[in-house]
Amino acid sequence: MREDEGLSPPQYPGDDTRPTSRKELAGWYSYSWAAEVFTVCAMGSFLPITLEQMARDRGVLLSDKVTPCQATWKAPKQLSPHETLSQTLINALRYGRDVPGASQCVVYIFGVEVNTASFAMYTFSVSVLVQAVLIISMSGAADHGTYRKVFLLTFALVGSISTMSFLSVVPKLYLLGALFAIIANTCFGASFVLLNSFLPLLVRYHPSLLRGRNEISRQGAMGDDTWGNTSHDVNNVTTPLLRSAQVDNGTITENAARVSLADTSLELELSTRISSYGIGIGYIGAVLLQIVCILVVISTHQTTFSLRLVLFVIGLWWFVFTIPAALWLRPRPGPPLSCAQDGKQHSWPGYIIHAWKSLGRTVIRTRRLKDIMLFLASWFLLSDGIATVSGTAVLFAKTQLGMQPAALGMINVVAMLAGVFGAFSWSYISRLLNLRASQTIIACIILFELVPLYGLLGFIPAIRDLGFLGLQQPWEMFPLSIVYGLVMGGLSSYCRSFFGELIPPGYEAAFYALYAITDKGSSIFGPAVVGIVTDRYGEIRPAFVFLAILILLPLPLMLLVDVDRGKRDALALSAELEGSQELNAPTYGAVPCNRNDSESAVVQSE
């Protein structure tokens, strides 16, 4: 397809309607390859234990509040000439650390006693809070004007450099390490939201979609020329992959409806394929780097420096593979934000206020959709449980099972492989048992509940006397990581698609934005509560009680969701909003203000 074939006229200054190129897609995939390693290798494995270990190196034993914890860290033996790297890895998986068990340590932060494991959990909670506020606040500026790519590259640069900076953080500066972790996680989350905002545009201007759209338009030209004379709305250009049909004097024309449905089908198919490729490429890169990190940790004798070196490698990977994205990904500017009453361009505070007001409007409308509210409440708890269990498990394995960093890294590899398997197997299981999406999600919740319940078995005296079961031995972490991965694969596959069935047609962008905010903002609470429980009892195991409750709470909420009722309510709200001529918006959780008549006239004339 030629560059100018099927080219839509620009709808605003700077509008880039060129067909999506292979190089542009490669740039989009490149950033997924670059940044996914942070959430998998850093947040999922090495960052929590690095923060805990640096705090431990400056802490004292909980038992006497005097003995330095640094003295309790015994590095594994040096590699002997006759011991291969693979043998060392096997020993790490089998035996954990050389020191049986692990001593609980505390550190004093501004005079407050904090368990070293809690220190890592508190850091994660703060980073999620900052990330959620930043994502909402920047959404207006990111979706309007030329800021999208600039923000993406800026966050990638700051996040990768913050991760690499761990190499210079010595234990006595462990608070600086926490600051770097907060900055890195915040930048990662913000950059991925920006990356995902490119997806609708890559799909909309993809050559295959343009060809299909033109062919459908030609076929319907004899019956109705509405589609051919209707351009994309200015406020709709960065939006939802799903769009409502064109309306003519309040009535959806037959050809417009047919074209819109066909166009939507093509977009959904293409967006699913591109998104799946991006996720797959990101996870392949993460697994490869995770294995490299494990080998680096083993070859450098699993010291605190080993952990800092691994984080440097992760940050370097993030930085280097962002370069192709910087070179190949087009800016794809969004429409200017033209809602200021005085007609002037919005200032930065104006963009921020617009973003929060837009989110508020969507939340208010959500109150009228009972089933969406039930699902989002359930998803809020589920998402919090998923993130909290991951961090808690790694820190529990380190501080109470005494597992070495290499073994902790392998736990994550096993969980990821199980997640990939789960993403495919749950679909087969659902078809085999004729399960609806909601029933599959409920099955995942029940299976997920087994993880904290298994940890609670360690409180039963008879099981505790056995010396195994109930998470008393390092090897028990690996079967549980398989269960966790299977659950993750199922929930990630089904929750988003199930939520899509409840959304008012034509308002997907606003409600999926609310879904994403619920996902990203939920993890503020779980890690903080685990940290408080750990500080109170001096160990992590009692926090399994909280995790069991947190994972169980979504179950009754999900059982209350009525899909048929939710669809009816969504259609009713959509019809009401269409009647009032309100259009869905590109900003995070936005349903934008109406344009004035002069703006509408400009669009129609173009």
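Residue numbers in this text run from 1 along the chain shown.
Cβ atoms are placed via backbone N, Cα and C, with glycine included.
Since this is a predicted model, take the numbers as computed values, not measurements.
Residues or ranges marked as N-linked glycosylation site in Swiss-Prot: Asn229 (among others).
Residues or ranges marked as N-linked glycosylation site in Swiss-Prot: Asn236 (among others).
For Asn249 (among others), the entry in Swiss-Prot reads N-linked glycosylation site, with the evidence type sequence analysis.
Here Swiss-Prot flags Asn596 (among others) as N-linked glycosylation site, drawing on sequence analysis.
Residues or ranges marked as transmembrane segment in Swiss-Prot (evidence: sequence analysis): 31-51 (among others).
With a cut-off of 8 Å between Cβ atoms, the residues of this chain six or more beyond the transmembrane segment (116-136) that come close are 43, 47-49, 51-53, 55-56, 59, 69, 104-107, 109, 174, 178, 181-182, 185-186, 189-190, 193, 355-356, 359, 387, 391-392, 395-396, 398-399, 517, 520-521, 523-528, 530-532, 534-535, 540, 588-589. Positions annotated as transmembrane segment by Swiss-Prot: 116-136 (among others).
Summarising the annotation, Swiss-Prot assigns transmembrane segment to 150-170 (among others) and lists sequence analysis as the type of evidence.
The transmembrane segment annotation in Swiss-Prot covers 175-195 (among others). Same-chain neighbours of the transmembrane segment (175-195): 28, 31-32, 35, 38-39, 42-43, 47, 50-51, 54, 109, 119, 123-124, 126-128, 130-131, 134-135, 138-139, 142, 148, 151-152, 155-156, 158-160, 162-163, 165-166, 169, 315, 516, 520, 588, counting only residues six or more beyond its ends whose CB sits under 8 Å from a CB of the stretch.
Under the heading transmembrane segment, Swiss-Prot lists 278-298 (among others).
Residues annotated as transmembrane segment in Swiss-Prot: 309-329 (among others).
Taken from Swiss-Prot, the feature transmembrane segment applies to 372-392 (among others).
Per Swiss-Prot, the feature transmembrane segment maps to 406-426 (among others); the stated evidence is sequence analysis.
Taken from Swiss-Prot, the feature transmembrane segment covers 441-461 (among others).
If you look at the transmembrane segment (478-500), the same-chain residues 6 or more away from its ends with a CB under 8 A from one of its CBs are 93, 372, 375-376, 379, 382, 386, 389-390, 393, 410-412, 414-427, 437-438, 440-441, 443-444, 447-448, 450-451, 454, 471, 508, 511-512, 515, 563. Summarising the annotation, Swiss-Prot assigns transmembrane segment to 478-500 (among others) and lists sequence analysis as the type of evidence.
The transmembrane segment feature in Swiss-Prot is assigned to 512-534 (among others); the stated evidence is sequence analysis.
What Swiss-Prot lists as transmembrane segment is 543-563 (among others).
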Before we move on, state whether the transmembrane segment (406-426) and the transmembrane segment (309-329) share at least 3 Cβ pairs under 8 Å, counting only pairs 6 or more apart in sequence. no
Need a quick answer: max count of Cβ pairs under 8 Å to the transmembrane segment (309-329), which of 31-51, 372-392, 441-461, 543-563 is it? 31-51
Which sequence-distant residues neighbour the transmembrane segment (441-461)? Criterion: at least 6 residues beyond either end, Cβ under 8 Å. 382, 385, 389, 393, 396, 426, 435, 469-472, 476, 480, 483-484, 486-487, 490-491, 494-495, 498, 541, 544-545, 547-548, 551-552, 554-555, 558-559
Are the transmembrane segment (31-51) and the transmembrane segment (543-563) close enough to be called in contact, which here means at least 3 C-beta pairs under 8 A that are separated by 6 or more residues? no
Check the transmembrane segment (543-563) against each of 150-170, 278-298, 372-392, 512-534 and return whichever range has the most CB pairs under 8 Å. 372-392
